């Protein structure tokens, strides 16, 4: 019998089952194929959300370049750039509306070479259609704090010319999304002057970002150059947060993301929620932007290894968001985005100056990397100058298609500019790989140099030069620690040591050459047979000990005999030319014009003055430290105390857990500790052979150089040199191994500090990538009111050329030999950070502490650094000339090659002095020749740079002229074509720069002083202040080898 209500229940169940079946039928009907509408374009009057797919692919960081490309060593990081490019191209070919941007040509060229002709043609079509866009287009995404502008230009040129040759296109957008702060030179020189329309990046100070969000000033018109002003301005897009998409819209295949589920048959159907989330996130972006366009960066580090995981989701987003209609979503690129911004006719805020220093939050200033891994930074800078000289010589003799060339060094240097390479922020094994690449490239370039010099000097060949009769021995890359076998050898029989010095600058130069020798009875002659004044300086123990350890560590050899002396002499070398010097055993009858230096170990006076020339320095005999500098010619005179200190690295404190590491500089308080007590250590004589004499201050005097040797602590030593014909002091420092303790002393950051009596009102000046100088004000930012939470680290700035302070009477200038950090923490002070050793990781991704060691067998020690900085004092307004000219000499030292041969035999078969230019011509003192490189078909890339800013010097901040006929006097010039900075397009064919409305300004473009067009008959190039001009020069090919003037 049926219970009451049972029939009613059965009827209800039937209805429910029926409804469920009906729902299932409808679900099946809605779960079929969907053609997604991805063809969206900009819609006027609507909020347009530009989706820009990208993959940020570091050219080395946690893995080496090759490991990142092929996808090996994935236990460290799952990343394979080959997979990214393979996968992206496949995805782009599936839908003509999809787009993608790629930046790093060091990776793309590797991939390109592996592709079939058919695949290459597919990619060319993708580029032509705008689906694949190259952004930046350099060899790497260069750093902006630790790179020299010449390196930045070179690596960009390398990538841009590849893109032009293979795709006949030119990048339009700078894509500097990850560097840790942004320089004014990157904006105006590697942006506007390249012909780019915009620059895009993520990292700015957290305080600056919040203010810009509130003011809707994340997008600005940036004028990075005071001299070039609005003529080199560029539209700048600062991202809302990082360079990834908004939260919830990240779709890498290996990530745990929620996919867009538009099939109602499946659990998790979420299209309505996804569209709402998209619209809401878009409005958040719109609320901090001007106009009706916002950009979403759809990608992150090494993303798109399975590109469909991204594109499938973005296809759905675009389709359903646009069906919803509240906002418009579209595939886009930075160029399309900026085109839309430009058409919108909005008025934009103005930005000047730069974006340094960068802090991503309170107590976390990214100013440590300005100095991290100083040995790598020096190697990069030294090889940069060498690369410039090697390419000049390669051009002078003509490229040897089958022999060694400079390509490998250019490739290694291009990679080294990456923002985790020269910065010193990669893992140790990756840093080792960077160094190895540089060393291999340098070795091949050295073969080019030796062969080219031998060829140029050889009198025999009339046409080309196949195999020169002479062979130079290995050049001496470890000369700074006195290791140079060519100069140390006992001269055999009637042979002399032949030293050929090449000058890559366009000016005559006089330099002091120092070589290690063992023989005290040598004579030096120049190419004219004149016996030169020279000076012997006894070899110091610090250098000898360095030599013993590092030749064993680097070369695997035990140097039994250490050289006893430095032989020092004055060398005059013509511009773009060479001179030969003959070091021979002196005859018993004649004078060798050589003076042995006098060594004074314990001065009896209260003070000791040194200086064989106009610049004098006064040292305290009691403390052993510098007290005063003055120039007897100019009258500039300051009191100055110089010492070495260390900051204790912070290991986290009550304020914040942030520690000091490879990226972050965070000292444990504001106190810097002297490396010794108030006085310099009393130590055993600094020189070999002087027994155990104790002294605080040890003086070397001679006709060419005076030196002061100081030992500040067992691990910090210094030599100060004053030259007879130079008006600056050279400080050679030796720092390390840095000892660290436990607990709160687990890291030390070493500085040198100069304390003067100058009144500087918080102001100091630092260079931007070796180019412009920018005014800095302590505890101040030009764009916002700074909340000071790190008074030391927050006042450090990057240096590539140097810094200076000034008051009403004088300027004190310091130039550096590598990228480093500098500051003026108190009025009248300059400090440079020279070395760092931190024992904790700073939680920015590298997951290693900054501890560099060098091992011999099983004995390891912390890395010792040796380097130089250069100091000058001048009357106010007169220091610019010294900074510019000396800066060029530091960047481009004399290139030296060695051989052993009979002097007369050498003279008979070789041109001992030669000039590539007209022998009566030099470049103007305000012009630098920064590129002279043979391209294909004998064409030559020529790049000239004006060295001065407007108003920097009364004589040199003017139009300067270069006569190309005299520069290339040995060849007949057929045609001169002015190019863009990266030589990827003719200057006259560059598209007109975008015009922008700027707040508070009428539309009146500035007219900086620039050079005019090159007259085809006179071939004279004009350059205005801060102008760089690039040309491709063609010659009539009558002779392969350059005609040279002989001295």
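Heads up, the Cβ atoms here are built off N, Cα and C, so glycines get one too.
From a predicted model like this one, the values you see are computed outputs, not experimental measurements.
Taken from Swiss-Prot, the feature Zn(2+) binding site covers 56, 58, 178, 419. For residue 58 (Zn(2+) binding site), the Cβ neighbour count at a 10 Å cut-off comes to 26, with all displayed protein chains included.
Per Swiss-Prot, disulfide bond is recorded for 455-465 (among others). Taking all protein chains in view, 22 other C-beta atoms sit within 10 angstroms of the C-beta of residue 455 (disulfide bond). In the three-state DSSP classification, residue 455 (disulfide bond) falls within a helix.
Counting only same-chain residues at least 6 apart in sequence, those with a Cβ under 8 Å from the Cβ of residue 476 (disulfide bond) are 483, 484, 485, 486, 487, 896, 898. Under the DSSP three-state reduction, residue 476 (disulfide bond) is assigned to coil, being neither helix nor strand. According to Swiss-Prot, the disulfide bond annotation covers 476-484 (among others), on the basis of similarity to another entry.
The Cβ of residue 855 (disulfide bond) has 10 other Cβ atoms within 10 Å, all protein chains considered. Marked as disulfide bond by Swiss-Prot on the basis of similarity to another entry: 855-860 (among others).
Long-range Cβ proximity for residue 280 (N-linked glycosylation site), meaning a same-chain Cβ under 8 A and a gap of 6 or more residues, is found for none. Sequence annotations record features per position, and here Swiss-Prot assigns N-linked glycosylation site to 280 (among others) based on sequence analysis.
Residues or ranges marked as N-linked glycosylation site in Swiss-Prot (evidence: sequence analysis): 287 (among others). Under 8 Å, Cβ to Cβ, and six or more positions away along its own chain, residue 287 (N-linked glycosylation site) finds no residue.
If you look up Swiss-Prot, you'll see 345 (among others) marked as N-linked glycosylation site, on the strength of sequence analysis. Remark: residue 345 (N-linked glycosylation site) has 997 as non-local neighbours, by Cβ distance under 8 Å and separation of at least 6 in sequence.
All protein chains included, residue 480 (N-linked glycosylation site) registers 20 other Cβ atoms within 10 Å of its own Cβ. The N-linked glycosylation site annotation in Swiss-Prot covers 480 (among others).
Counting only residues at least six positions away in the same chain, the Cβ atoms of 572, 573, 574, 575, 922 sit under 8 Å from the Cβ of residue 508 (N-linked glycosylation site). Under the three-state DSSP scheme, residue 508 (N-linked glycosylation site) falls in the coil class. The N-linked glycosylation site feature in Swiss-Prot is assigned to 508 (among others); the stated evidence is sequence analysis.
Reduced to three states, the DSSP call for residue 541 (N-linked glycosylation site) is helix. Residues or ranges marked as N-linked glycosylation site by Swiss-Prot: 541 (among others).
Here residue 605 (N-linked glycosylation site) comes close to 621: these same-chain residues lie at least six apart in sequence, with C-beta atoms under 8 angstroms from its C-beta. Look at Swiss-Prot and you will find 605 (among others) tagged as N-linked glycosylation site.
Secondary structure at residue 606 (N-linked glycosylation site), as computed by DSSP, is coil. Cβ neighbours within 10 Å of residue 606 (N-linked glycosylation site), excluding its own Cβ and spanning all shown chains: 10. Taken from Swiss-Prot, the feature N-linked glycosylation site applies to 606 (among others).
According to Swiss-Prot, the feature N-linked glycosylation site maps to 668 (among others). According to DSSP, residue 668 (N-linked glycosylation site) sits in a coil region rather than a helix or strand.
Using a 10 Å Cβ-Cβ cutoff, residue 780 (N-linked glycosylation site) registers 13 neighbours. Positions annotated as N-linked glycosylation site by Swiss-Prot: 780 (among others).
The feature N-linked glycosylation site is assigned by Swiss-Prot to 857 (among others), with sequence analysis given as support. Spatially close to residue 857 (N-linked glycosylation site) yet at least six residues away along the chain is no residue at all, judged by Cβ distances under 8 angstroms. According to its DSSP assignment, residue 857 (N-linked glycosylation site) is coil.
The signal peptide annotation in Swiss-Prot covers 1-27 and is backed by sequence analysis.
Other than 56, 58, 178, 419, the residues of this chain whose Cβ falls within 8 Å of the Cβ centroid of the Zn(2+) site are, in sequence order, 57, 61, 141, 177, 179, 301, 418, 420.
With respect to their backbone Cα atoms, residue 178 (Zn(2+) binding site) and residue 855 (disulfide bond) stand 34 Å from each other. Across the structure, residue 419 (Zn(2+) binding site) and residue 541 (N-linked glycosylation site) place their CA atoms 38 angstrom apart.
Within the set of recorded positions 56, 541, 780, 860, the entry lying nearest in space to residue 606 (N-linked glycosylation site) is 541 (CA atoms). Rounded to a whole value, the Cα-Cα separation of residue 480 (N-linked glycosylation site) and residue 541 (N-linked glycosylation site) is 13 Å. Taking the Cα of residue 780 (N-linked glycosylation site) as the reference point, the closest of the recorded positions 56, 855, 860 is 56.
Reduced to three states, the DSSP call for residue 56 (Zn(2+) binding site) is strand. Cα spacing between residue 58 (Zn(2+) binding site) and residue 455 (disulfide bond): 41 Å, rounded to the nearest whole number. With respect to their backbone Cα atoms, residue 855 (disulfide bond) and residue 668 (N-linked glycosylation site) stand 30 Å from each other.
Taking the Cβ of residue 484 (disulfide bond) as centre and 10 Å as the limit, one finds 22 other Cβ atoms among all the protein chains shown.
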